[in-house]
Amino acid sequence: MLGITVFTTFLAYASSCGAPIFQPNLSARVVGGEDAIPHSWPWQISLQYLRDNTWRHTCGGTLITPNHVLTAAHCISNTLTYRVALGKNNLEVEDEAGSLYVGVDTIFVHEKWNSFLVRNDIALIKLAETVELSDTIQVACLPEEGSLLPQDYPCFVTGWGRLYTNGPIAAELQQGLQPVVDYATCSQRDWWGTTVKETMVCAGGDGVISACNGDSGGPLNCQAENGNWDVRGIVSFGSGLSCNTFKKPTVFTRVSAYIDWINQKLQL
């Protein structure tokens, strides 16, 4: 009965997901790019850990229900205490209007997460309390299970990652256009080759626009035909050479490959 209740609740707000009050600027970039319009990606969260009595940004994530956040498995350490910052634009402003800080109840890391091969890089965070949705805090939509996007489909990566290779973490949320690179292309030898699996999705690779350190766990935002935004990917890895290497697009965990796993964890 509990599972039915949770799933029914999920369907109730899913109909209004992925619809920001403040519309995003759809021509911005991440690396070497521009600030996002404040609160135009209201499902974007900052995952923060406590060290020396200070909360520090470590990864991004996506609010998918008022109680749950999607992020990357590689963002999670059993030795750290976490909180989730919601409704944020500027991480340097602690009491930013419209923002909220929530503790963590449970973290579900995928049972088959492989840190060496970077497989199944997905985790679901259950928040310690239910978040009240607002103009600055909204949920993203989940894509249809198994669905794929075509080559060059326009998507946007968002995060507070480094503005450029070895540069500083961004204070204000960044965004950038990263078109999808299909599996047939991304798995070619001079791209990512066999490193990329069908449970992943690639985007970018033009040598200019890229996710960077600190963006990990954050969403690949793709607009559906109905105008709402789906979280199609979770930032997983990129080139070790630099943040924006030609033919080395950002690699994301493909969310549509894990819908069944996500739904199972939502019921726990």
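Cβ coordinates come from backbone N, Cα and C, glycine included.
Annotation in Swiss-Prot places C155 in a disulphide bond whose other cysteine, of C202, C212, C222, is C222. Between C202 and the candidates C186, C212, Swiss-Prot records the disulphide bond with C186. Out of C17, C75, the record in Swiss-Prot bonds C59 through a disulfide to C75.
Cβ neighbour count within 10 Å across all protein chains ranks C155 highest among the recorded positions H74, C155. Secondary structure at C141 (disulfide bond), as computed by DSSP, is strand. Within 10 Å of the Cα of D121 (active site, charge relay system), the following recorded positions from the list H74, C75, C222 place their own Cα: H74, C75.
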